[in-house]
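Record features (TrEMBL):
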type: DOMAIN; residues: 2-145; note: domain 'SPX'
type: TRANSMEM; residues: 250-268; note: transmembrane segment
type: TRANSMEM; residues: 280-303; note: transmembrane segment
type: TRANSMEM; residues: 315-332; note: transmembrane segment
type: TRANSMEM; residues: 338-356; note: transmembrane segment
type: TRANSMEM; residues: 377-399; note: transmembrane segment
type: TRANSMEM; residues: 411-429; note: transmembrane segment
type: REGION; residues: 468-494; note: region 'Disordered'
type: COMPBIAS; residues: 472-485; note: compositional bias 'Acidic residues'
type: TRANSMEM; residues: 513-539; note: transmembrane segment
type: TRANSMEM; residues: 545-567; note: transmembrane segment
Amino acid sequence: MVAFGKKLKERQIQEWQGYYINYKLMKKKVNQYARQIEVGTQDHRHVLKDFSRMLDNQIEKIVLFLLEQQGLLGSRLTKLREQHDALEEPSEIAQIIELREAYRAVGQDLLMLLYFVEINAIGLRKILKKFDKRFHYRFTDYYVKTRANHPYSQLQQVFKHVGLGAVVGAISRNLHELQDRQGSYLSIYDPPALPLQDPMVDSIKAAVDRLSHSTNFLNFLAQHALIMQEELPAPIEEHIDEERYHFMSLLLNLANTFLYMVNTYIIVPTADDYSMSLGAAATVCGIVIGAMAVAQVFSSVYFSAWSNRSYFRPLIFSSIVLFVGNTMYAMAYDLNSLTILLLGRLFCGFGSARAVNRRYISDCVPLKIRMQASAGFVSASALGMACGPALAGILQTNFKIYKFTFNEDTLPGWVMSVAWLVYLIWLWISFKEPSRDIEENNSPHASTSKTAENDALEDGLKQALLITSEEKQEDDEDPEGDGSEETSKESRQPATSIASAYRLLTPSVKVQLLIYFMLKYAMEILVSESSVITSYYFNWSTSKVAIFLACLGLTVLPVNIVVGSYISNMFEDRCQLVTAFSGNVI
C-alpha cells in the first residue's frame with residue numbers, strides 16, 4: 001500500500017506544488033519532537049507551541065493562495081458577466097455556445113481549486129491525527145477549537161471553503177440562464193427548482209458535497225461497511241450517472257443485509273435444544289451455528305464474480321437458496337434428521353449475498369449519498385444481529401399443523417422461510433437492474449477508480465479523526481519520515497494466488513489480521529455457546545438467553561463508536577488490544 005505522503009505528492013497539481021501542505025516535513029517534525037522528548041531535550045509545552053506555529057504557517061500559505069485563486073476566478077466571471085449582458089436579443093447560437101464554454105472553463109478551474117482544498121484538508125487531518133497518536137495528547141481538540149472559532153480564523157477557509165460558494169453560484173446561475181435563454185423566464189432560485197442539466201454544474205455540486213456533506217456518525221459507520229475507498233480522489237470528479245441509482249433497489253439490498261443477519265442469529269438461543277431433540281449433544285449447536293459461516297466463505301467468491309454481470313440474478317438466487325435452507329432447517333425436526341438440519345444451515349450460508357450488497361453500494365449509489373448508504377449497511381447488520389435473538393425469544397409456542405411441528409426450535413426456520421419468500425416477491429417486483437452500458441464503454445482503470453473514490457471527505461471542524469490501516473502502515477514503515485514509505489515494485493504487482501497475496505502483506509498487517517481472527521473467534525464462541533453455558537450454570541430460559549444476546553447485539557455500534565472516535569485518540573492500539581483480550585479471558 002502506498003503511503004499517504006507519496007500519494008499526496010503524486011496527485012498534486014504541478015503548477016501549484018509549492019502551495020500544498022508540506023506533509024512530509026511536518027511528519028519528520030513530529031518524529032523529531034518524539035525523539036527530543038524521549039531524551040529530555042524538549043518539554044511538551046514547547047512542542048505544542050512550536051507545532052501550532054508550524055501548522056498556522058502552513059494553513060496561512062494555503063489560504064492566501066486560495067484567496068488569490070478565488071480573486072482570479074472572480075475577475076474572469078466579472079468579464080464573462082459583461083459579455084453576457086452585452087448579448088443581443090435574439091442572440092446568435094454561436095455566441096451563446098462560446099460563452100457557455102467560457103463558463104465551463106472557469107468551472108473546470110474551480111474543480112481544480114476544490115480538489116486543492118480537499119487534499120489539503122485531508123493532509124491537515126492526518127497530521128493532527130498522527131500528532132495525537134504519537135504524543136497521546138488531545139491536541140486536535142485544542143487546535144481546532146481555538147482556530148476555528150476565532151474571528152480571524154484561517155482554518156475556516158480550509159474546511160468550510162468560505163467564499164467558494166459565491167463562485168459556484170455564479171457559474172451555476174449563468175450556465176443555467178444560457179441553457180434556458182430561449183423562451184424561459186425562470187431562474188435557478190424560482191420554485192419549483194429546475195434540474196441543472198449541465199454536466200459541469202453537476203461535477204461542481206458533487207465536489208462541494210464531498211467537502212461539506214459528511215458527519216461524524218455517518219463517516220464512522222461508512223468505514224465499517226468495508227466498502228473501500230481511495231483516501232484521495234481524482235483531481236476532477238467524473239460525472240455520476242444518476243440513472244443508475246434506484247432508491248428501491250438500494251433499500252432491497254439493505255433489507256437483504258438485515259434479513260441475513262437475523263437469519264444468522266435467530267437460531268442461537270434454541271440451537272442447543274434443537275440438537276438435543278434430534279439425539280445429539282447440546283454442544284453440537286456450535287457446529288449448527290458455525291455451518292452457515294463456513295458456507296459463506298465459498299458463497300462470497302462466486303457472488304463477487306457474479307456481481308460483475310448482474311445484481312438482480314444473484315439476489316434472486318440468494319433468496320431462493322435461503323428459502324430452501326430455512327425450510328430444511330425447520331423440517332429437520334419432523335424428519336428427525338441432524339443431517340437435514342446441518343444441510344439447511346449450509347444452504348443458508350451458500351445464500352449469503354453480502355458481497356453483492358456491498359458491490360451495489362460502491363457501483364450504483366451516487367457519491368453524495370454513498371456514505372449514508374454505507375452507514376445504512378452497517379446499521380442494518382447490527383440491527384439484524386440484535387433482532388435475531390430477540391425474535392427467537394418471542395417465538396415461544398408449540399402447535400402442529402398437519403404433519404409439521406411449530407415450536408421454539410422450528411419456528412425460527414419457518415419464520416425466516418416466509419420472510420425470504422416475501423422478500424423474493426418484493427425483489428422480483430421492485431428491483432431495477434442498473435445499466436451496464438457505462439461500465440462496458442469505460443476502461444477497467446476508469447471503472448475501478450469510479451468505485452474507489454473517497455466518499456468520506458469530512459466536514460473538517462466536526463470530523464472524528466479515525467485511524468486508517470494506511471496510517472498504521474505509514475507509522476510502521478516510515479518512522480523517521482525520510483521517504484522510505486515508498487513500496488517496492490513487487491508489492492504493487494497484483495496477487496495471483498492466496499500464497500502470493502500472503503507474501504505481499506507486511507508483518508504488521510499479518511499481526512492485525514491474526515488479531516482480527518482471534519477477536520472474531522472469541523466472539524463467535526461466546527455467541528454460539530451462550531445458550532449452553534447459561535442454561536447449565538444459571539438455569540436461564542430461552543427467553544433470558546434471547547434478551548442477553550439482543551442486548552449484546554445492541555451494544556456493538558455504540559461501543560465501536562466510542563472506541564473509534566475517542567479511546568483510539570487516548571491510548572495506543574496495543575493497549576486497546578490487550579484490554580480486549582483481557583476481557584475475553586475474564
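Any Cβ shown, glycine's included, is placed from N, Cα and C.
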- Message: Let's see if you can do this one: DSSP helix, strand and coil counts over the domain 'SPX' (2-145), in that order.
- Response: 122 helix, 0 strand, 22 coil
- Message: Quick test of the contact rule: Cβ under 8 Å, at least six residues beyond the ends. What residues does that give for the transmembrane segment (250-268)?
- Response: 274, 288-289, 292-293, 315, 318-319, 322, 326, 329, 345, 348, 351-354, 356-357, 360-361, 364-365, 373, 376-377, 380-385, 387-389, 391-392, 412-413, 415-416, 419-420, 423, 426-427, 430-431, 527-528, 530-531, 545, 549, 553
- Item | Same-chain residues at least 6 beyond the ends of the transmembrane segment (280-303) whose Cβ lies under 8 Å from its Cβ atoms | 263-264, 267-268, 271-274, 314, 318, 338, 341-342, 345-356, 524-525, 527-529, 531-532
